[in-house]
């Protein structure tokens, strides 16, 4: 996608499909609850992405990546930082980072192939992709990048610690995934 609008459409599609897949066994309370939790946490992240899009459009008058990158230097430091923090909120929802990391371990209620899909290819990597894709904007805010690094580092540590106390192998895998994505987020912010 060459615009944030198309990215957001795909972003929403992944979120809605993941909700359906996590809730596949909807007749089980735990699966239905996990699906709802994933849906709500992802909507919080979506609000962050929409806020970032609003800030960019209201100040740069475009949502096309190349034009955003070309005009990004005209953003005030405050708007740049707010945009970076809004992008971070979007990424924390999809990539299961602190404070929105609780949905991923519960998503293990879905069928095992769904868990593998969410962990390897779709949901959790989408937030990191968004941050990397918007790196020219991230470069404008050192405090925003520091916040990204702190969130990633804290998530990596906390999730790895929680994983060591789990008895269910799917939960261990889920917290391990959250931790590894935390390292990626830390790297983006560094």
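Just so it is clear, glycine is given a Cβ too, placed from its N, Cα and C backbone atoms.
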Which listed span TrEMBL calls transmembrane segment, if the choices are 28-45, 172-189
172-189
Which sequence-distant residues neighbour the transmembrane segment (74-93)? Criterion: at least 6 residues beyond either end, Cβ under 8 Å.
11, 41-49, 51-52, 55-56, 59-60, 99-101, 127-128, 130-131, 134, 137-138, 140-141, 143-145, 147-148, 151, 185
